[in-house]
Amino acid sequence: MRYLTAGESHGPSLTTIIEGIPSGLELSSEVINLELKRRQGGYGRGARMTIENDKVSITSGVRHGKTTGAPITLIIENKDHKKWTDIMAVEDLPDKLKRKRKVIHPRPGHADLVGGIKYGYSDLRNALERSSARETAARVAVGAVAKCLLSQLGIETMHHVSVFGGVTIDIPETLTYEELRTKAQKSELSIVNSEQEVEIKTYIDQIKKDGDTLGGVVQTIVTGVPVGLGSYVQWDKKLDAKLAQAVMSINAFKGVEFGEGFAMGYQKGSEVMDEIIWSEEEGYSRKSNHLGGFEGGVTNGQPLLIKGVMKPIPTLYKPLQSVNIETHQPYKASVERSDPTALPAAGVVMENVVATVLAQEILEKFSSDTMKELTKAFQDYTNYTKRY
């Protein structure tokens with residue numbers, strides 16, 4: 001399974017082509033739209049979320065509610081484009097029109113300047129349009145397809161925010177994964193402790209008034225994953241490494257960890273290794289899950305526990321010091337429409353990119369021209385792991 005996304009933040013649309021999905025997977029635009037709606041939610045989102053109401057058009061690869069095995073094309077219209085037709089025009093325009101909304105004051109923390117230098121732009125809008133987090137809508141659409149496939153195999157994903165703008169969320173250790181999912185989905189902040197909602201929302205409101213932004217930490221949890229996905233035989237076959245790359249590819253993400261991650265640097269080996277147990281019903285399992293479901297880059301049958309840290313959004317309404325790229329004189333950075341925080345939405349994106357990588361790994365490992373073929377191969381394999 002592979003995919004490509006295309007499109008700019010204020011262009012006509014975002015387009016994605018997915019290749020390698022088996023035939024016979026039940027799929028509808030409604031399922032994808034539900035995931036896109038989740039991405040647009042959350043407390044702290046900005047004005048654009050009132051403009052865009054993302055809906056996908058499936059233009060190939062699905063017929064009568066099921067995938068055909070052919071490439072799937074997904075198109076998401078940018079409703080805001082109608083206000084940007086000259087600015088984002090494909091055809092050449094007079095210089096006066098081309099200077100409209102020209103960006104020459106790069107924003108610290110964004111791809112504006114590095115993109116301009118790398119690709120030789122005189123207008124940094126070319127960089128910011130493609131590097132915008134708007135592109136993640138396309139990846140969420142891909143993830144929605146992947147989640148449909150995983151669900152057919154009994155693999156489920158969820159996410160919650162564990163740190164919001166420096167505020168650590170108090171999470172009761174007794175909560176089951178299903179309870180975590182339910183509580184996080186009910187929260188505008190994607191947190192599981194409702195008693196902290198007011199405190200954090202008040203903080204977000206103040207940050208917005210200050211013209212500043214907030215980041216935080218998101219955890220994605222995946223259940224139902226069998227032993228043996230990924231491989232240790234080559235460095236680039238390790239599944240946790242593939243997932244780390246995927247999480248780090250999300251806009252504004254600056255770190256990733258599995259299980260207890262960086263905290264293990266302060267612990268002894270006897271405290272973090274997950275002891276092995278066996279039962280007639282389940283086969284091999286672990287007494288704990290400090291390692292987050294991976295050993296040697298291979299899944300060990302435990303739930304996958306993955307955390308990603310998102311930096312505060314770099315577009316500030318009280319802009320920082322920058323430089324005019326035409327005069328090289330000091331200037332305040334450009335201001336584009338932005339959010340004080342997009343952490344809950346980033347959690348949805350992370351959940352979906354994780355689902356995409358897992359679907360790719362499963363489709364590589366198992367025979368999968370059709371969903372019937374894949375389901376049988378997957379079930380036969382999981383039965384084998386229990387008998388081993």
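Note that Cβ sites are derived from N, Cα and C of the backbone, with glycine treated the same way.
In the three-state DSSP assignment, the secondary structure recorded for Arg45 (NADP(+) binding site) is coil. With a 10 A radius on its CB, Arg45 (NADP(+) binding site) counts 18 other CB atoms from all the protein chains. For Arg39, Arg45, the entry in Swiss-Prot reads NADP(+) binding site.
A C-beta separation below 8 Å, combined with a sequence spacing of at least six in one chain, links Ser132 (FMN binding site) to Glu8, Ser9, Asn251. Here Swiss-Prot flags Arg130, Ser131, Ser132, Asn251, Ala252, Gly296, Lys311, Pro312, Ile313, Pro314, Thr315, Arg337 as FMN binding site, drawing on sequence analysis.
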Response to the item:
Checking the binding-site residues Arg39, Arg130, Lys311 for other Cβ atoms within 10 Å of each Cβ, the smallest tally belongs to Lys311
Item to complete: Return the residues near Ile313 (FMN binding site), defined as same-chain residues 6+ apart in sequence whose C-beta is under 8 angstroms from its C-beta, sorted by sequence, else 'none'.
Response: Thr213, Gly215, Ala252, Ser338, Asp339, Pro340, Thr341, Ala342
Discussion item. Measuring Cα to Cα across Arg130, Ser131, Ser132, Asn251, Ala252, Gly296, Lys311, Pro312, Ile313, Pro314, Thr315, Arg337, which the record gives as the FMN binders, how far apart are the two most distant ones in Å?
Written reply: 43
Worksheet item: If you count Cβ atoms within 10 Å of each one, which of the binding-site residues Ala252, Thr315 comes out on top?
Response: Thr315
